[in-house]
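Features reported for this protein in TrEMBL:
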- 119-152: repeat 'WD' (REPEAT)
- 165-207: repeat 'WD' (REPEAT)
- 273-315: repeat 'WD' (REPEAT)
- 497-571: region 'Disordered' (REGION)
- 501-512: compositional bias 'Basic and acidic residues' (COMPBIAS)
- 513-522: compositional bias 'Basic residues' (COMPBIAS)
- 533-550: compositional bias 'Basic and acidic residues' (COMPBIAS)
Amino acid sequence: MVYANLDTTAVLAWSPQAEKSIIACGTVAGAMDATFSSTSTLHFYDILGYSKDSTSSTKSIASISASGRFHRLAWSNAIQNRPHGILAGGLENGQISVWDPKEITDSIDSSKVSPIFNSSDHTGAVAGLQFNPFQNNLLASGAANGEILIWDALSDFKSYSPGARSSRIEDVTDLSWNNQVQQILATSSNSGSTAVWDLRNRREVMNLAHSGNLGLDLNQGMSSSNGMSRSGVSAVKWHPNSPTQLVTSLDDDKTPVILAWDLRNAKSPTKFYSGHNRGILSLSWCLKDPSLLLSSGKDNRTICWNVDSGEIISELPTSNNWVFDVQWNQKNPNFLSTASFEGKISIYKTQPISKESQTTTFVEDPFDISNSQDLSQSLVLKSPPKWLSRPCGASFGFGNKLVSFNNSSSNVSCFQVVSDLELTNHALELNQKLQAGELESLCLDRMKEATDKLEIDEWKTLSLLFQPNAREKLIEMLGFDKSNLKTKVEKLLADLSSKNSEPEAIKEEPKKSKSKKSKKTKKTESENVDDAAEVHETPDATQEDDKEHTPFAADDSNSSDLFLKSISKDG
C-alpha cells in the first residue's frame, strides 16, 4: 500500500539502519519545479506512514544546501567512528560530496554542517555511485567520458582508477558492485556497452553488448553489422547470490527490455524481460529474495518481475510522469520507494497476498481513509517473499516422533527420538550435586568409575579445582616443588645481575678505537656526501606517497582467479 508521499522531485537513499525508516533526498538534476528554483537541497525524512493520529506520513528531520543538483545518492553502513555511516552524493557538475548523516540530524542548526569531503576530479556529471558491500569504506563513482574512480574513506578519500579507460564506454550511466566477489565491478554506458572490471588486477575483463535481433520486433535501435547505433544501457545490477549473473536495462523507447546475462557464456543474453512500453530508467534487485526485481521507466510504470520465470507478478499504480528511480529498502524489504518527474516520492509497503485472496473489510465510517485502504495501491505478490517464509521448522508428535523441514529441500524428515536413560540419570545427578555444592565428591566418584588413565587424570584435575588450595595442589600434581622453584628463580636473577655489573673498562676500549677510525675516515665520508645524496634523493616515504592507492592489492585471496576461471570456461 502507499505508506507515505513526499512532494519533491529528488533522488533518494535509504538509511542502512534496519530499525529506522529514514531516507535522504537530494534535488534531482535535469528538472525544474513550479517555482523555477535553481537551488539544491539535501533533506532527511523519517517515514511514519498514515495513521488516525497523524496528519502527515513523513517527518522532516534536517536539511542542508548542496553545491549542485544530484544524480545519485549512496548511504554506507557504519564506518569506524561514524555509527550512522556516510552519505555520498554524485552531482551534475562532476563533484562528489560526502556528509556524516549523524552530524546533520543531531545538529541544532544543520545548515552550518559542512561536507567531510568534496572532490571535483570528475569532469562530467556523476551518474554512478555505490559503496562496496564488503568494505564499507570503498566508494565507486562513474561519470561522463567513461571516468571511473574508487575512493577509500579510511585513507583520506584517496582515489584510484580500475585500469585503462575503456574505449567502448562513453558516459557512465550506472555501476554495481558484485555481491559475491568484492573486487568485481560492473559499469553501464549510454554507448550500449557494459564493462566488467577486476579491480585487484586493475583491468577490464569483459564487455557486454547485444547487437542482434531481440526477437521482439524491437531491434531498430540496436546495432548490427551495418553500423547502426546501440541503445543506451540505463542500469546494471548484479544477482544477489550468483557471482556471474547480472541484468541490464535499455532506455530506448524502441527496445524497452531488460537483458539477463550469464558471464559464463556472455555471447548473448540468457533472457529478455519485455513489459515496458517505453525506455527503462531504473532497476532494483531485492537482496533478501533474488527472485524479485523492480523496474521503472518512461512509460510511467513500475513493474515487479519474477526473475526465474520472467513473468510480471505485480505492478504499482501508474504515475503521471516518468518514474526515474525505484529502490527496495534492502535492510527492510517490506518497503520500497519510487521517484518520478511528477514531483513526488512514494513509499510503498509490500502486500504478500494475491488479489484473489483479498476480502472486503467494512468499516463504520466509509470516509475514514486510514481504515478504508485501497489495496490496488500496493505491491501485491502472488506468494510470500522469502524474508517472510520459514527457513526451517520442527514439531513433536505422539510416540516421541520429531518431524522437521527446511527450505533447501522439499522433503519432510521424521525421526524417532529415543531417550538415553544413562544420560538422563547423569544429568539429574549433576543437578543435585550443583544444588548441594558437592561437585568435588562428584568428580571423585567419576574418577573411581573411570577405567582409562587419561579420563582418571581429567577427573582428578577437576576435583582439585574445587579445593581451597587449588593452585598449590595443581603445581604439586604437575611435579613441581614450590620451594625448589623459588630457589631456582632467585639464582637466575642473581646471575643476570652479575652479568650486568661487569667492569666498564672492557666496554670503553672498542669505543676509543671506533673514534680513531672515524677521524681517519672523516675526509673520505665528506667526499662521498654528494654521491650519497644522489642515491637517496627519493626516500621511501616519498615513493609511498607517489604510489597510487590500491585497496585490493593486498588481498591474498584467489577470488579474482576463481571468478575469471568461471567466466572463461567457454572461452
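Positions of Cβ are set from backbone N, Cα and C atoms, glycine also.
Sequence-distant neighbours of the repeat 'WD' (273-315) (same chain, 6+ residues past either end, Cβ-Cβ under 8 Å): 179, 214, 216, 218, 231, 234-241, 247, 249-253, 256-260, 321-328, 330, 333, 336, 338, 340, 379-382, 385-387.
Residues of the repeat 'WD' (165-207) grouped by DSSP class, helix first, strand second and coil last, total 0 helix, 22 strand, 21 coil.
Secondary structure counts, DSSP: the repeat 'WD' (119-152) has 3 helix, 18 strand, 13 coil. The repeat 'WD' (273-315): residue composition by secondary structure is 0 helix, 23 strand, 20 coil, according to DSSP. Along the repeat 'WD' (165-207), the predicted structure has mean pLDDT 93.
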